[in-house]
Amino acid sequence: MKEAKFIFVTGGVVSSLGKGLVASSVGALLQAHGFKVRIRKLDPYLNIDPGTMSPTQHGEVFVTEDGAETDLDLGHYERFTGIKATKDDNITTGKMYHELLKKERRGDYLGKTVQVIPHVTDLIKSFIFNGTEGLDFVICEIGGTVGDIESQPFLEAIRQISYKLGKQRVILIHLTLVPYLAVAQELKTKPTQHSVRELNFVGLQPDIILCRSEKEISDNQRGKIANLCNVSLSNVISAPDVSHIYELPVLYNQCGLGTQVLEHFHLSKPKPSLVGWNQIVHSMRHPMQEVTVSIVGKYTEFPDTYKSLVEALSHSAISNRIEVKINWVNSREKSGKPINEKFMGDKLKNSHAILVPGGFGDDGIEGKMLAISYARTNNIPFFGICLGMQLAVIEFARNVIKFKDVHSEEFYTCKHPIIKLAGDKNVDLGGTMRLGAYKCNISPNSKMAGAYSDTIISERHRHRYIINLDYKDDLEKNGLICSGMSEDGTYIEAVELENHPWFIGVQFHPEFQSKPFSPHPLFVSFIKAVVNKVKKTEG
């Protein structure tokens, strides 16, 4: 039985350098060579998971098929490799200590003093080794930055694994910043040297150094890093900025990253087939048309909050050979300026389509409903996701059905609670979600059925509140069709407006299943509707 090899990806100097994209790109390259891979994320923070963390702190919460709330990097892993992540592919320090303390309370440690070494590090190693049978490579991204106190148990676990398995089964890729100083007009390698010394201090030596920078790093600078960091010149690889993340597998292949990984393990494989990636890059660089989609939300200053959403739009744009320009519209009041109908209209007047994404809390919801009303009354393609769908229902009930006191139980007590809580109110915040993949029945002859070319689908969910079934008849007799229902018929999963070019709201998150090689059918249909609108307008 073959034994998996382990690739560890660490980062130095600063965070947000793109370790997740490096791990994803390496996974894609190894797949192109014919290997079976899996990618995992080890996060040093003390939260159990990112489910209750602020989007401004952490960015998007990516939901897996089996209902885990995970780091947004798992979305990159899925999109680059096509492999569905699971709850076993993301661990946090908080989850580790939670498990450790449960074991201690059960008496599993038989009265021993419970310590970081060996007990925490043993749990980390168990997570890394779990479920690796039949795989060629397991890629593990270590969150945070080398030198952070929170990362030390993870680095110690990697050191122990490296010592036990040896170079024949372990490689360490270190991603580091090589900043450009405009005053000196040169790239500075000193931060990289210090970062590698931090690794050396905990007993680790990188095998490959990836140098992130604004521009290409010269051979002289690479040689300096190689000499001072004890890494061969061929393993010091320049990683300059790119215009789009899907250029990375092609770039890293050209830089020899995949080749160096295989040479480290003394493996020889045919030249990788990157035809698909090259086609994607070509489509992105040579769009035939440009359209503008407005995303109306309250975290528009933090685009990572909507990472999968933006990527799903990108995938559908690639498949339609167009470029999607995003117009970010904040739905909250700013600087004392009220967001009224005129204000929102001015923000949206140059948009070809409007999308209202998911979210929580009542902050900014009136602004979102103004955007929904604008799309509905002006026949502009509209896509509402999760909260976006719920607000579309409330706006419709207010302005079409003419209910006087209608809202969501999430925000207000009202006469017509058209949106209600799905489950038990007396549960911890992190335990009240409807999470993961659920089947949905689609009405034949609906726009939803046309988009999917199917009437039974499975989509990922992350929500507490649902459309109140008591109002289904009111909605439908006024023209808002409930075109998607849960398998058991208890949840309204999708609505669409009659006599509108494209007005669809869904309770689930289709963006989590979209990939560059298989764009999500709803996003493809949405963008096609946008293109058709532009043709009619310009024709």
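Backbone N, Cα and C atoms are what each Cβ position is placed from, and that goes for glycine too.
CYS386 (active site, nucleophile) has a Cβ environment of 21 other Cβ atoms inside 10 Å. Swiss-Prot lists CYS386 with the feature active site, nucleophile.
The Cβ of HIS509 (active site) has 24 neighbouring Cβ atoms from other residues within 10 Å, across all protein chains displayed. Look at Swiss-Prot and you will find HIS509 (among others) tagged as active site.
DSSP gives GLU511 (active site) a helix state. Sequence annotations record features per position, and here Swiss-Prot assigns active site to GLU511 (among others).
Annotation comment: Swiss-Prot describes SER15, LYS188, THR189, LYS190, PRO191, THR192, GLN193, LYS224 as UTP binding site, evidence class sequence analysis. The Cβ neighbour count for LYS188 (UTP binding site), using a 10 Å radius over every protein chain in view, is 15. Following the DSSP three-state reduction, the secondary structure of LYS188 (UTP binding site) is coil.
Within 10 Å of the C-beta of ASP73 (Mg(2+) binding site) we count 27 further C-beta atoms, all protein chains included. Residues annotated as Mg(2+) binding site in Swiss-Prot, with sequence analysis given as evidence: ASP73, GLU141.
The domain 'Glutamine amidotransferase type-1' feature in Swiss-Prot is assigned to 292-536; the stated evidence is sequence analysis. Per-residue confidence over the domain 'Glutamine amidotransferase type-1' (292-536) averages out at a pLDDT of 92.
Feature annotation from Swiss-Prot assigns region 'Amidoligase domain' to 1-267.
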Exercise. Round to a whole number and give the Cα-to-Cα distance in Å for the pair ASP73 (Mg(2+) binding site) and GLU511 (active site).
Key: 14
Exercise. Would you kindly give the Cα-Cα distance separating CYS386 (active site, nucleophile) and LYS190 (UTP binding site), rounded to the nearest Å?
Key: 47
Quiz item: Out of GLU141, CYS386, HIS509, GLU511, the recorded positions in the record, which is closest to THR192 (UTP binding site) when you go by Cα distance?
Solution: GLU141
Quiz item: Among the recorded positions listed here (GLU141, CYS386, HIS509, GLU511), which has the Cα closest to the Cα of GLN193 (UTP binding site)?
Solution: GLU141
Self-check item: GLU141, CYS386, GLU511 screened against PRO191 (UTP binding site), Cα within 10 Å - retained recorded positions
Solution: none
